[in-house]
Ligand SMILES: Nc1ncnc2c1ncn2[C@@H]1O[C@H](COP(=O)(O)OP(=O)(O)OP(=O)(O)O)[C@@H](O)[C@H]1O
Ligand SMILES: O=P(O)(O)OC[C@H]1O[C@](O)(CO)[C@@H](O)[C@@H]1O
Ligand SMILES: [Mg+2]
């Protein structure tokens, strides 16, 4: 995630007070604004990270921070019990807490004007001049209304002498900002709401468990998931667990009655030997005539029409529980920082912002527009205009649904494409295993099948091919369950084509008539793709469209801000760190140095630091200077002394293995303990290959699918361009390596800012790679380091000089 906030440091008051002090002890001259945050609507994992980031950023910038307890109910009730000033320490350790620590509510009074009038009065009485609301579509609709009505509310308060003239003048404009916190992911203009991916994680885990018992009894399960009127959770869970059928509000079956369509698909799967059936029903699922579809309805159909032994599981509030996944913690943190920036940037003429995320970029969107768009989805559904409802959901939603439907019909429906258009597509994994590799392979293979292409797996990387001709067409039955599995089902290794043997590889490409290649892997895969492209002149077999889907926990592939597996790894590391931090907190005066993988990339260490609130992260990009180390030990000492054995004060230090050759985790821990003079002690903790993760995270699974389908489409779209270059009579003359159009057909599919993008491998290899370090030249996450530091009060040598 990149955050192009104007440099945080530049907005910081020049002489910073030590940020461990509560806001109230800061000198009033530095106080710019009083910023309040509330959480509202259903609680969502990650809300606490959002509040933590808002409170600390506000304090860091010299503002006073307030929290409104119990959502809008707290505004309506008012007073210091509900609108409280918060200090730096009040939000310590909140990253790993589920739910919302400041409470939330569904407040009917705020839907009435008199309730909002009270809310306005109480905000003014508390001296709050900016309100950040973290909530779902309902909460932000309320916020939008509140802001719209503000002038009339304060006029009425003034006229009725409920506020003074001074207050009336001072609080003329309500500065409001929304951060979207809801498990439903139903807010337009943002790809993800805080909490949605945590909920998806809970759902996928539950369905993974259900699969095992369903398999044992050869049963069908109907699983109801939340989401109110939005089918995002059901759709994404459907993709991530390769469920047999999903029912969502936005897309009732139009061609057929849903019962017949579901039974068709389920019986096709069963007839091919599948022992389990999972049907996911969104709680808002409806038929084309708007009649609700309940789990009982689905259960009855599966029993009556297909005679399946069927059970129903309503997941309920389990989906909202537990600690937030790494994505939500980081999203909530970066959005919290951005929300404070937005509030400080705003003038009376600025429209109220909503802090969104598009692909990998934190963005600001006009709140009013987002609320309007969101409301129009519900209106379109009510009007049975499902096409419009789909169009109004973000484009990613539409893409995911299209992919799910295609993949789910793989190998069952008549081929989409005429015979002459169908292709042989080779799939290979290269490098270390990464979460989501299987999902990508499964999805590209099944998508190929749905179009009529023939997917081939190249087993055990390029050496497998060169030495053993390990190529096999993939079939549907063999891949059942791959979507949810960790590791690499088709095997992977680090050898590049040059190491494995170009002659053999080319001859097998020719023998199996490959028309396209998709490589899933990390930096070795990147190098491999470049080699194949560079050898197209000698080997016509390589004159095929080739796509790399980056997959590595190091997240160091040029051309993308996100590699498959990095989210799974981040979660594995974060869970490990939460446990270690709990231990450190219980022991009171203890810190842990956690050694993090990632080669020369500090991505994992930096993001784990953000997600866990680590005190320090040492990364290869910066190294470890003695001066900074001394400074860090001093800061740790000071903070342990100040804490005086208070609870929840365990400290984490993330250290990338390659941050320093001299300072390994253990040495660092020993030195810190010695230098601390008994104030605190430090231990080392080494998660090692646990960081590759067990089951892939839902993000890696669903992104794996999305990237896979895009990769196949790229091959389809570039096949006609490449065919003549290997089928011409004069094969040498038919290929000009300098022809950009041809060389662009060897490409990396990645996420760049707010877009998915294909970038030619040659361009990346020549201009954007630091080959010696196996790193991209541009570190897209660099700006998050300053944020991670500021949120824990770490001082940098450069700042203290
Ligand atoms: N139209 C509205 N006018 C004023 N306030 C509203 C409005 N809609 C919602 N609110 C306020 O926001 C609160 C939360 O809304 P809602 O229950 O719809 O949850 P949400 O914010 O959409 O979150 P989630 O859907 O995740 O539970 C309501 O209880 C109410 O106080
Ligand atoms: O927790 P409550 O008030 O029962 O509400 C449940 C609703 O809240 C959500 O969990 C979040 O909006 C919905 O998915 C669900 O419909
Ligand atoms: Mg809602």
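Each Cβ is built from the backbone N, Cα and C atoms, and glycine gets one as well.
Feature annotations, reproduced from TrEMBL:
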- 1-409: region 'N-terminal catalytic PFK domain 1' (REGION)
- 35-343: domain 'Phosphofructokinase' (DOMAIN)
- 42, 106, 107, 136, 137, 138, 139: ATP binding site (BINDING)
- 137: Mg(2+) binding site (BINDING)
- 182, 183, 184, 219, 226, 227, 228, 283, 311, 317, 318, 319, 320: substrate binding site (BINDING)
- 184: active site, proton acceptor (ACT_SITE)
- 410-423: region 'Interdomain linker' (REGION)
- 424-715: domain 'Phosphofructokinase' (DOMAIN)
- 424-801: region 'C-terminal regulatory PFK domain 2' (REGION)
- 494, 552-556, 590, 597-599, 683, 689-692, 774: beta-D-fructose 2,6-bisphosphate binding site (BINDING)
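Structure with TrEMBL features highlighted.
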residue: 42; record: ATP binding site; DSSP (3 states): coil
residue: 136; record: ATP binding site; DSSP (3 states): coil
residue: 182; record: substrate binding site; DSSP (3 states): coil
residue: 318; record: substrate binding site; DSSP (3 states): helix
residue: 555; record: beta-D-fructose 2,6-bisphosphate binding site; DSSP (3 states): coil
residue: 598; record: beta-D-fructose 2,6-bisphosphate binding site; DSSP (3 states): coil
residue: 683; record: beta-D-fructose 2,6-bisphosphate binding site; DSSP (3 states): strand
residue: 690; record: beta-D-fructose 2,6-bisphosphate binding site; DSSP (3 states): helix
Sparsest Cβ surroundings (other CB atoms within 10 Å) among the binding-site residues 182, 692: 692
Distance-selected binding-site residues near ligand 3 (C-beta under 6 Å), from 136, 137, 226, 553: 136, 137
Shortest C-alpha distance to residue 320 (substrate binding site) - which of the binding-site residues 136, 137, 138, 139, 692: 136
Sorted by sequence, non-42, 106, 107, 136, 137, 138, 139 residues with Cβ within 8 Å of centre, ATP: 40, 41, 71, 135, 142, 182
Integer Å distance between the CA atoms belonging to residue 182 (substrate binding site) and residue 598 (beta-D-fructose 2,6-bisphosphate binding site): 32
Distant-in-sequence Cβ neighbours of residue 106 (ATP binding site), under 8 Å, six or more positions away: 41, 42, 71, 138
Residues from the same chain, set at least six apart from the ends of the region 'Interdomain linker' (410-423), whose C-beta lies under 8 A from its own: 265, 268, 272, 445-454, 475-476, 515-516, 715-716, 719
Packing count at residue 42 (ATP binding site) (other Cβ atoms within 10 Å of its Cβ): 23
Nearest of the binding-site residues (107, 137, 139, 555) to residue 228 (substrate binding site) - Cα to Cα: 137
PLDDT averaged over the residues of the domain 'Phosphofructokinase' (424-715): 95
Residue 226 (substrate binding site) - helix vs strand vs coil (DSSP): coil
Closest of 139, 555, 683 to residue 184 (substrate binding site), Cα positions, binding-site residues only: 139
Residue from 182, 226, 590, 690 whose C-alpha is spatially nearest that of residue 137 (ATP binding site), among the binding-site residues: 182
Surrounding CB atoms that lie within 10 Å of the CB of residue 318 (substrate binding site), all protein chains: 14
Residue 690 (beta-D-fructose 2,6-bisphosphate binding site) versus binding-site residues 107, 182, 311 - nearest by Cα: 182
